[in-house]
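Inspection log for the structure reproduced underneath, given as structure tokens.
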Amino acid sequence: MAKLTVKDVDLKGKKVLVRVDFNVPLKDGVITNDNRITAALPTIKYIIEQGGRAILFSHLGRVKEEADKEGKSLAPVAADLAAKLGQDVVFPGVTRGAKLEEAINALEDGQVLLVENTRFEDVDGKKESKNDEELGKYWASLGDGIFVNDAFGTAHRAHASNVGISANVEKAVAGFLLENEIAYIQEAVETPERPFVAILGGSKVSDKIGVIENLLEKADKVLIGGGMTYTFYKAQGIEIGNSLVEEDKLDVAKDLLEKSNGKLILPVDSKEANAFAGYTEVRDTEGEAVSEGFLGLDIGPKSIAKFDEALTGAKTVVWNGPMGVFENPDFQAGTIGVMDAIVKQPGVKSIIGGGDSAAAAINLGRADKFSWISTGGGASMELLEGKVLPGLAALTEK
């Protein structure tokens, strides 16, 4: 990566601004999944071990109006982070003003401060999300000219707390998490060890058109599963019953199939049910066609075997999107089968592109078997699509 990293700058005695991704799920004020906090620890620990004063910025959820602030404070995150670091985390509970400035100026070397949810600034004119120039300058002024971006999950957004701060500091550098994310995903797509197999699931073709097009050029095989299977089926005149379909994307699906030169591999059967919820019958289809009055909710056993075969000998695998409605035990066999087929390949570099796939690997007990699980769904999708990420582009060149 041709950008400066946190190891390229002197941090001792400096107020170091750090964009992290602490957008964690909360239920009744309790964090239900702390992976993103854990993922940021190496960078935070490095800064404080080097004698820097870490000033952390993160968003949490969407905030459009005053009422949306309810339950979106980063206070529970500050407490969790303090426990993980084994030291106090200063939390003034504001995004600007004298209280914040005084707390920052009182910091000593090796201390950590967490600014309140950056999206609280969206209540008055979307200042964070629209990269308000004044806000970016203000936040940049709170530090000593060094900004560390370690939030891969928001790297595809141009916000005040990443791109805005970057534009107003002497040095904007990558943290360890951002550096690793870019290295794993970009290298897998641009310079993969072959055979390189991509697996794309999820419900909508529309979400993955750019990704499929880019990966058809780069990968040796592209396996398709999940709900978008049925748009590809219908584009070929295959009966899909009541399965999910994007009627306005049938031509796109047809076009992708025609120009794929046989690289695009579709399921050959499905697990179908007579309703999405409250179903009374679940069965495997004979072939591709889904029965009238039924809908496909997972790939079937023949497809699992076909995908297993397609993955044999793979040296690089990128997976984004589950094969079915994995949250329901009746429709998780496809996702489990594909995961197991990936991780059993000897010497494979296996990467999960965040989002639902990451949740599936964690929930189904396979997370530790993968080489890398991305912390950013949208950002990893844009990298897989070959796009430039604004948060990365804004960093200082080496």
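For all residues, glycine too, the Cβ spot is worked out from N, Cα and C.
Within the same chain, residues at least six positions away from His59 (substrate binding site) with a Cβ under 8 Å of its Cβ are Asn23, Asn117, Thr118, Arg119, Glu128, Thr154, His159, Ser161. Per Swiss-Prot, the feature substrate binding site maps to Asp21, Phe22, Asn23, Arg36, His59, Leu60, Gly61, Arg62, Arg119, Arg157; the stated evidence is sequence analysis.
Annotated ATP binding site per Swiss-Prot: Lys208, Gly296, Glu327, Gly354, Gly355, Asp356, Ser357, in sequence order, evidence recorded as sequence analysis. When secondary structure is read from DSSP and collapsed to three states, Asp356 (ATP binding site) falls in the helix class. A simple way to gauge crowding: the CB of Asp356 (ATP binding site) has 21 other CB atoms within 10 angstroms, across all the protein chains here.
Set side by side, the binding-site residues Asp21, Glu327 differ in how many other CB atoms lie within 10 angstroms of their CB, and the most is found at Asp21.
Cα separation, Ser357 (ATP binding site) to Gly61 (substrate binding site), rounded: 20 Å. The most densely surrounded of the binding-site residues Gly61, Gly296, Gly354, Gly355, judged by C-beta neighbours within 10 angstroms, is Gly296.
Gly296 (ATP binding site) carries a strand DSSP state (E or B).
Across the structure, Gly355 (ATP binding site) and Asp21 (substrate binding site) place their CA atoms 14 angstrom apart. In this structure the C-alpha atoms belonging to Gly354 (ATP binding site) and Gly61 (substrate binding site) are separated by 17 Å.
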